[in-house]
C-alpha cells in the first residue's frame, strides 16, 4: 500500500509499504529516499510518536495515511517532573515533543495513564497538543505533575454584584487555575481577582484541597482595584 510522510518543511514523500512493516523499516525507506539517518527521524501519527519495534498495523495505519516526520535534534535534552509526593522523574525529551508525548513517557516510567496526568509549568497547565518549545520549556526545566481525580467537582463563585458562577474543578487545582477559569468565563484578569473562602483570602500557589474546599463550596470574588494593595 502507499502511505505519505510529511516533513516540517511541508514536503510530502510517498512510500510503498506493507501493514506488517515495522516503523524501523519505514525509517529505512525514508533514509533511502531522503538520506536522513533513522536515528534522527521521529515519526508521528494521530499525535503519537511511533516506536521502532511496532508495525504499521499496530498503529492502525492504513493506505494513504499521512505520517509526520520530525527531525530529532541531536542529543535532545533532559527535563525533570516532580510529583506531589516529592519524587522527581528525569525524562529524555526534545523541544518538539508534544505534552501528549511527555505524558506517554511518564506513563512508561510510572504507569500513570495520561488522562489522569496534569502537567504544570510556571503556574500554567500544559495542553496536550502543544510542544515543550511552545511553552519555552528548556533543558533541566522542572514540570509539576498533579494527578487528575476522576470526575472532578463543581464549586460556586459569588461576585459582589450577587452573580454566581459555576466552575468545574478538581481538588488538586491551584487557586491560580481557578482564577484562570474565572477569566475564561468572565474576562476578569487573574491579577484583579481576590478569592475569599471562610473569611480567608486564598493564595495563588495553594490548592483547593489545601483550603478544604469541597464540592458545592461557595467562594467569594472581590475585585482588586488597579494600583491598590
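The backbone N, Cα and C atoms fix where each Cβ goes, glycine too.
In Swiss-Prot this protein carries:
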CROSSLNK  6  ubiquitin cross-link
CROSSLNK  11  ubiquitin cross-link
CROSSLNK  27  ubiquitin cross-link
CROSSLNK  29  ubiquitin cross-link
CROSSLNK  33  ubiquitin cross-link
CROSSLNK  48  ubiquitin cross-link
CROSSLNK  63  ubiquitin cross-link
DOMAIN    1-76  domain 'Ubiquitin-like 1'
DOMAIN    77-152  domain 'Ubiquitin-like 2'
DOMAIN    153-228  domain 'Ubiquitin-like 3'
MOD_RES   65  phosphoserine
MOD_RES   66  (Microbial infection) ADP-ribosylthreonine
MOD_RES   76  ADP-ribosylglycine
SITE      54  site 'Interacts with activating enzyme'
SITE      68  site 'Essential for function'
SITE      72  site 'Interacts with activating enzyme'
Legend entry - Overall pLDDT of the domain 'Ubiquitin-like 2' (77-152), taken as the mean: 85
Legend entry - Neighbour tally for residue 6 (ubiquitin cross-link), based on other Cβ positions within 10 Å of its Cβ: 14
Inset, instruction - Around the Cβ of the residue listed as 'phosphoserine', how many other Cβ atoms lie within 10 Å? Please give the count over every shown protein chain. - result: 17
Inset, instruction - Check residue 48 (ubiquitin cross-link) against DSSP and tell me helix, strand or coil, would you? - result: strand
Inset, instruction - Could you tell me which of these recorded positions, 33, 66, 76, has the greatest number of Cβ atoms within 10 Å of its own Cβ? - result: 76
Legend entry - Rounded Cα-Cα span from residue 33 (ubiquitin cross-link) to residue 27 (ubiquitin cross-link), Å: 10
Legend entry - Distance, residue 6 (ubiquitin cross-link) to residue 66 ((Microbial infection) ADP-ribosylthreonine) (CA atoms, angstrom): 7
Inset, instruction - Can you check which residues sit near residue 54 (site 'Interacts with activating enzyme'), meaning Cβ under 8 Å from its Cβ, same chain, 6 or more apart in sequence, and list them in order? - result: 22, 23
Inset, instruction - Please list, for the domain 'Ubiquitin-like 2' (77-152), how many residues fall into helix, strand and coil according to DSSP. - result: 18 helix, 28 strand, 30 coil
